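Here's the structure we're looking at; comments come further down.
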């Protein structure tokens, strides 16, 4: 249940305190239950993807299994969780569905998800339509582990990673601009919501894509190096 102080005259605990959130109803399910259910769904999906990948490609390396886990996680969140937001953004404040309650909890760190903010709707719609299917396709190509598909796999991996970095930069940037230039904060001041939810939950999409881009860059260098050595070998004959 929500225990936060309600903003005067607005009947909600979100910042800014004058944000208009029509029909807001506090969550009816305890937070541990919500998080446990969500974590169980995500865990089952990611574990199923990795298990199928290992069954299909028994020689799959640990690094590739982790890559599949990451893109399966991204695909699930983008398609189902963020897709739910795009389709139901006007009814989330009053809804008691699992995903709606999760969005209401996360919105304590960014109330734009409960006010049908145009930027959030645009970037989340783009995420659902592009990064969701491309993430799942990258996971599939990684799981197939076919030599002739590695070029396509790393190309898609690089595209999705750049998209994630661009998206998280815009996300942090718009909030930072509003906070430091306009004095407007969308997050409650408690450390859990600002540093835990807003910063911490989005940080993986700034860190992991950099690591995967580095790996894809290494694969490209190796491929071009092999081609160059082959050309040199032909010239030396």
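Here the Cβ of each residue, glycine as well, is placed from N, Cα and C on the backbone.
Look at TrEMBL and you will find 33-56, 68-87, 118-143, 155-172, 192-214 tagged as transmembrane segment. TrEMBL lists 63-213 with the feature domain 'EXPERA'.
Per-stretch counts of Cβ pairs under 8 Å to the transmembrane segment (68-87) identify 118-143 as the leading one among 33-56, 118-143, 155-172, 192-214.
Averaged across the domain 'EXPERA' (63-213), the predicted model reaches a pLDDT of 95.
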